[in-house]
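What follows is one structure encoded as structure tokens, with my remarks underneath.
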Number of protein chains: 2
Amino acid sequence: MRFDVTILGSSSATPIYNRNPTAQALNINERFYLIDCGEGTQQQMLRFDIKSSRIDYIFISHLHGDHYLGLVGLLSSLHLNGRKKPLTLFGPPHLKEIIDIQFKYSETTLHFELIFYPTNAEKAEVILDNQDITVETIILDHRVACTGFLFRQKRRLRKINKEKADELEVPVTYYSILKRGVDYLTTDGQVHPNSELTTPADEPMAYAYCSDTLYNESYFKQIANVDLLYHEATFAHAMLDRANETHHTTALQAGEIARLTGAKKLLIGHFSARYKTLTELLDEARSVFPETELAIEGKNFIIGN
Amino acid sequence: MRFDVTILGSSSATPIYNRNPTAQALNINERFYLIDCGEGTQQQMLRFDIKSSRIDYIFISHLHGDHYLGLVGLLSSLHLNGRKKPLTLFGPPHLKEIIDIQFKYSETTLHFELIFYPTNAEKAEVILDNQDITVETIILDHRVACTGFLFRQKRRLRKINKEKADELEVPVTYYSILKRGVDYLTTDGQVHPNSELTTPADEPMAYAYCSDTLYNESYFKQIANVDLLYHEATFAHAMLDRANETHHTTALQAGEIARLTGAKKLLIGHFSARYKTLTELLDEARSVFPETELAIEGKNFIIGN
């Protein structure tokens, strides 16, 4: 099962040339889960060939413009491009009001159902549980109500025992079915139990998305041992006072968080426009957590498979 | 006096790769007048090196998202980048409500004064009259209330008589003053009347911006003889029915309008996403009005000087 994330935007409040405001497209089993939707997200999806028609869920962390200003444009385009299937949106309660007023004055009635679930920034809870994953909110500590999102795979795929499969001349087209645990039925009606042809799946993987927040231990336990942690790192640690004042995290703190929570890998993003190059931030996070990467536009990171 | 326009977006409702929703930056005497502000306009300004800090006026034609969804992001960035000087915004009455609700929920109090003048889509009127230009609304015929904008220079600069200036050894740095009609004072106190050193200025120039609208003769008289006419041309004429239904203009009609109103030059834009290349639209408009150009992203068109 595919489980990876493509970065569509990495900048904080103000965009700079080549850095767009926050948005990420999570591909889980060939369905897209869009996390945040800063201005220009739909253009970024065109640029990086992420089919917006395949978005089934959108998650908005909070109501600062750099995290949601691309939403109405994206919804409009989906509408104009003939979308019929429902779309589920999670976000702060007032987000609906912001969308409604704009569609009211543009006299737009969406051709698809927009199902809105308001998030609660007071209490972490499971907000989605479908066949592939569960999603929990993470209570963050920002200037306005803000939640992160924790995506946990429900199951992973069993692994093909290639030697045995070759021996039984299993057609390659059958592999995806075997990986899901189904027994193998030969053309002459013989049944081979799945366990003969596959080995157990690895543990389910998890992705935690934490933006925007002050360094605050309250959510550390919840995100323990995730396979990939995205954490904002707006400033270098030299600007700790500014980070505290604006309720943001420094790159050093992001590295610390990854280390303390036992993350396998860390992605940092939401960079302040003052950093024209990002080496300083990357080096700083790596000084405490070597497995750190920059959440740069267009880059894809595999969480599991 | 500089009087030119840089195209920041040329697409209609849905953006496509490399075509952004509508926005234009008019440079009049080194101040920017932004016309419409589709999603991603602030990123386009970064791309084409248009300093957003130099915008003094913003004009929004109507409340379809492709004409204003970049506005809140732009205002936020101006705020975060420390703007102090007031900014004047013209647009449909409900635009203010859309802005206010978003700043309310993001808990943003702008550090600069945003002066809002609601436009009246029932009656053409002068909405701005400053030292350089007058701006009139143009009543367009769209699905929602929509106005275009007509920019008329108040005066142009006198022209230097180079031969005479050289003869009197006028320093080049003095030219801009002479062009404004001031007499020439030599270092030894001798006065040369301005008329000796300059010839009269050309007639003031005019730029008409018409987007979005059904072909409708009601505004033709008002835009007669402009130096540059920007007119939407969403569809090719083969799609006239669709144009009528959605209250848009075809490229052939845009050419006709330029011819009938005596425009010196025509710019067409607001292209439907269905046209991957624009030759068909350009050829069609040129078939009736040869002096037509495509309003392509990043291109700058001189209206006067």
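Each position is counted from 1, following the chain as shown.
Note that Cβ sites are derived from N, Cα and C of the backbone, with glycine treated the same way.
Remember, TrEMBL labels are computer predictions, not curated facts.
The Zn(2+) 1 binding site annotation in TrEMBL covers B:H62, B:H64, B:H142, B:D212. Following the DSSP three-state reduction, the secondary structure of B:H62 (Zn(2+) 1 binding site) is coil.
Using a 10 Å Cβ-Cβ cutoff, B:D212 (Zn(2+) 1 binding site) registers 27 neighbours. The annotation Zn(2+) 2 binding site is assigned in TrEMBL to B:D66, B:H67, B:D212, B:H270.
Proximity of B:D66 (Zn(2+) 2 binding site) to non-local residues of its own chain (separation of 6 or more, Cβ distance below 8 Å) is seen for B:S11, B:S12, B:A13, B:T14, B:P15, B:P21, B:T22, B:G38, B:E39, given in sequence order. The active site, proton acceptor annotation in TrEMBL covers B:D66.
Other C-beta atoms found within 10 angstroms of the C-beta of B:H142 (Zn(2+) 1 binding site) number 21, with every protein chain shown included. Note: none of the binding-site residues B:H67, B:D212, B:H270 has a C-beta at a distance under 8 Å from a chain A C-beta.
Note: B:H62 (Zn(2+) 1 binding site) has non-local neighbours B:Y68, B:P92, B:A121, B:L140, B:H142, B:V144, B:A145, B:C146, B:T147, B:D212, i.e. same-chain residues 6+ apart with C-beta under 8 A of its own C-beta. B:H64 (Zn(2+) 1 binding site) sits 13 Å from B:H270 (Zn(2+) 2 binding site), taking the CA atoms of both as reference points. A simple way to gauge crowding: the CB of B:H67 (Zn(2+) 2 binding site) has 29 other CB atoms within 10 angstroms, across all the protein chains here. The local packing around B:H270 (Zn(2+) 2 binding site), expressed as other Cβ atoms within 10 Å of its Cβ over all shown chains, amounts to 28.
Listed in chain order, the extra residues whose Cβ falls within 8 Å of the Cβ center of the Zn(2+) 1 site residues B:H62, B:H64, B:H142, B:D212 are B:S61, B:L63, B:H67, B:L140, B:R143, B:V144, B:C146, B:S211, B:T213, B:H247.
Excluding the listed site residues B:D66, B:H67, B:D212, B:H270, the same chain places B:S12, B:A13, B:P21, B:T22, B:D36, B:G38, B:S61, B:H62, B:H64, B:S211, B:E232 with Cβ atoms within 8 Å of the centre of the Zn(2+) 2 site Cβ atoms.
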